[in-house]
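Worksheet for the structure shown next.
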């Protein structure tokens, strides 16, 4: 069985974390040799950067600083975690990657998405996902889910208003048009178990 690089993307409240946990279990049951990781983070240095980028109290962070910090964390994640796993024949399942920067920092912060893309391509070089699952949910539904989930860790981006999250969603639509071959859109208004089964079926097909 070949190894591939898989990413989960979607706006806040799309259920990525829940689906990622279920998918982790289902992939183990299917006998897939893989690692599960996340961004920002995924390596010791990158996790430290995550705390800075998402930390409450850092609301004054300049948008370009945000882009560069996340790209730096991504570089370390690629070098320390993702590439070694792929080289060892392990599939990589990652909660967010480059596309999140294009959507959240590029579109969400009204920055030039092409510039954000080039910064990230410099960081990751040829380590580009083979398959990206976009969990599609309306911005207002996602924010309502966040508000209802009292146990969820609140980060700096959660405090943005709905207009920011709508721009993020519009950004994702542009990204899907930029990279149509690797994206699969999944209706995230379905139950997490249903979403997981849809994604797992496609993963098994990609690995065959």
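Every residue, even glycine, has its Cβ placed from backbone N, Cα and C.
Database features (Swiss-Prot):
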BINDING   10, 11, 12, 13, 14, 15, 16, 17  ATP binding site
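Sequence features, as recorded in Swiss-Prot, placed on the structure.
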residue : record           : Cβ within 10 Å
10      : ATP binding site : 26
11      : ATP binding site : 26
12      : ATP binding site : 21
13      : ATP binding site : 24
14      : ATP binding site : 26
15      : ATP binding site : 22
16      : ATP binding site : 24
17      : ATP binding site : 15
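Highlighted in sequence order, 135, 137, 142, 145, 188 have their Cβ within 8 Å of the centre of the Cβ atoms of 10, 11, 12, 13, 14, 15, 16, 17, the residues recorded for ATP, and are not part of that set.
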